[in-house]
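See below for the structure under consideration.
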Protein chains: 2
Amino acid sequence: MARSYNFSPGPAALPEAVLRQVQQDMLEWGETGASVVEISHRGPEFLEVARQAEADLRTLLAIPDDYAVLFPAGGATTQQALIALNFASPGQRVDYVVTGHWGRTALKQLATVDVNIAASSEDDGFRTIPARASWRLSKDAAYVHVTSNETIHGVEFRPAWGPVPDTGDVPLFADFSSNIASEPIDISRYGLIYAGAQKNLGPVGIAVVIVRRDLLERAGHPRADIFNYASQLRAESMLNTPPTWNWYVLGLTVRWMIEQGGTAEFDRRSAEKSALLYEAIDGSGGFYRNDVDPAVRSRMNVPFFLPDPALDAPFLDGAREAGLIGLKGHRVLGGMRASIYNAMPVEGVRALVGYMREFQARHG
Amino acid sequence: MARSYNFSPGPAALPEAVLRQVQQDMLEWGETGASVVEISHRGPEFLEVARQAEADLRTLLAIPDDYAVLFPAGGATTQQALIALNFASPGQRVDYVVTGHWGRTALKQLATVDVNIAASSEDDGFRTIPARASWRLSKDAAYVHVTSNETIHGVEFRPAWGPVPDTGDVPLFADFSSNIASEPIDISRYGLIYAGAQKNLGPVGIAVVIVRRDLLERAGHPRADIFNYASQLRAESMLNTPPTWNWYVLGLTVRWMIEQGGTAEFDRRSAEKSALLYEAIDGSGGFYRNDVDPAVRSRMNVPFFLPDPALDAPFLDGAREAGLIGLKGHRVLGGMRASIYNAMPVEGVRALVGYMREFQARHG
């Protein structure tokens, strides 16, 4: 058995160097005589892990000082609910731009506010992002919410679509779960960025919230202390016991990304890897198909379809035999999907493209 | 470097056999060619992990069929907030019995309901549990909430105090974070039980909620889909990406407890370990002190004090040199605390008691 190339959408492949470090530390970590998963989150050893992870994340993403960073347990969907509770008053207007499955899921977390769908590409099957000029934004909205990259539909805000949308005095909030750290981000354009860690930042079970500090003064909803971002910031994300192991693996992954060259280098690699894959699809004479508008094709998640769904199972079986896993598309879309996050080396994409050609030669 | 005896209150020691399994699986798990932390939560391999973990937990705790089990991300405090949202209407009365720090913290999660403190031992420093006859319960309460074991104050509902409180038609909800699986529980006496996993059930970052199914039909508050227990149950706790690695380690830990003899065996071990430690404290001629009413002394968390706080640092330093870690008391109480959950072998408690005698001989 050898390690496969793992194209899972999240939980996703981690850098092998990170896994080897985690493996080595599993019974005894540092000078503690215990695993990092067994020690107190309030002891000096773990506090240093947490401090270093934040410092490294600030370096990696060039986070300005007037932005706070939270490390909550769980995933991005929980943050979608907490955003409304923290930054909108009950019944207040919030603007949502829906460009795929996760943007639509976000709407289910908004039971007590007045949701305005400012734009949606649902009618065209989430293959585009509506032009900025067509968005119907509200002047009095608490925030505007976008999904920077749609993991399932493979749609990403790219420079070919346009610059980061200008929303005037209304802060722009963005779900960056599946493309954070894949290229430099101008965080000052956003009021808040959040991401589940399990794609580009590390393991599942922890998220990251980057928020402009002045926004934390908003009253929001009456809410549980544990749901209050300002309380969590005062408690350094330790209002209750945080997911320490996940935090530590996130820290190792962020450090690995810095050592690899940071977001500029991952920008270069993402361009190379995604170009290889889209060229293989577009150059297959229609055997493989990706229907997303080329201006907004995701560099992280590449959904593609075979000419006949009956070929899906043989494609997946052959892929697994070739050491390529995690390629099955999400159930809402079907087909295939290759997720090529920062931990996926270009060699993995070359192996996939080679397998795709070989499969087409046999079944085309 | 060797593994220490780890008395941390949570995150806490895990069984060494579990850590070795996790270490072995860290790069390649089963037939996947990937780590369990890297694979899809919706793939057949992880779904089997989740199914087996629930089946084993049902075996270990003898959970009746009319109770559902959820595996949410995060810790117990989040559940304290979700309980009110799921089972009480806005403004509805809820009854809380406060017997320590965590019961008091729970009150901060209840911004939108009418909280009645039915009983509290705060005035006596949380050294007792008020007699059942003194509780001022409300007839129309959504539920009555108790903390089965107070991790910081070392106070536990024990048979010497009385049977599981009868709350009539109002369901009894209990935080079992720090004593679940330490003895058989008659779950049918409770409407809901919840626990963070990081003490007796496995790693930090995941919790368990055991709830009588009929209660899930309550309307509760308007709330985000991700906060809705009934929605989570329909989605098998995968409304969004769950903390898969933490779930898998929980499963290994539960399986280990079954193999060790189950809750009857841990009941026996808990009795033995806690008796050893309380006897050492009570038999120290006042050098060591635990002030909790003997009828409700915790078998899981044993706080104790030295005659002079100036001895705390030397005690902790010497303990660490003797391979005994995690003994520093919580900042709200000071002093020492030994947490002796299921993964702590009796040898660890013997080593601690030996060290305590030796320290007293030098400083008494």
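Even glycines carry a Cβ here, placed using N, Cα and C.
TrEMBL does not curate its annotations; it predicts them automatically.
Summary of the site annotation: TrEMBL records pyridoxal 5'-phosphate binding at B:Ala76, B:Thr77, B:Trp102, B:Asp175, B:Gln198, B:Asn240, B:Thr241. Screening the candidates B:Thr59, B:Thr151, B:Thr263 against this entry identifies B:Thr151 as the one listed for that site.
Secondary structure from DSSP puts B:Ala76 (pyridoxal 5'-phosphate binding site) in a helix. Taking Cβ-Cβ distances under 8 Å and a sequence separation of 6 or more, the neighbours of B:Asn240 (pyridoxal 5'-phosphate binding site) in its chain are B:Ile226. Between the binding-site residues B:Arg42, B:Thr77, B:Thr151, B:Thr151 has the most other Cβ atoms inside 10 Å of its own Cβ, all protein chains included. Rounded to a whole number, the distance between the Cα atoms of B:Arg42 (L-glutamate binding site) and B:Gln198 (pyridoxal 5'-phosphate binding site) is 24 Å. A C-beta separation below 8 Å, combined with a sequence spacing of at least six in one chain, links B:Ala76 (pyridoxal 5'-phosphate binding site) to B:Trp102, B:Asp175, B:Ser177, B:Tyr194, B:Ala195, B:Gly196, B:Ala207.
Using a Cβ-Cβ cut-off of under 8 Å to chain A, the recorded positions B:Ala76, B:Asp175, B:Lys199, B:Asn240 reduce to B:Ala76, B:Asn240.
You'll find the Cα of B:Thr77 (pyridoxal 5'-phosphate binding site) roughly 27 Å from the Cα of B:Arg42 (L-glutamate binding site). Classification of B:Trp102 (pyridoxal 5'-phosphate binding site) by DSSP places it within a helix.
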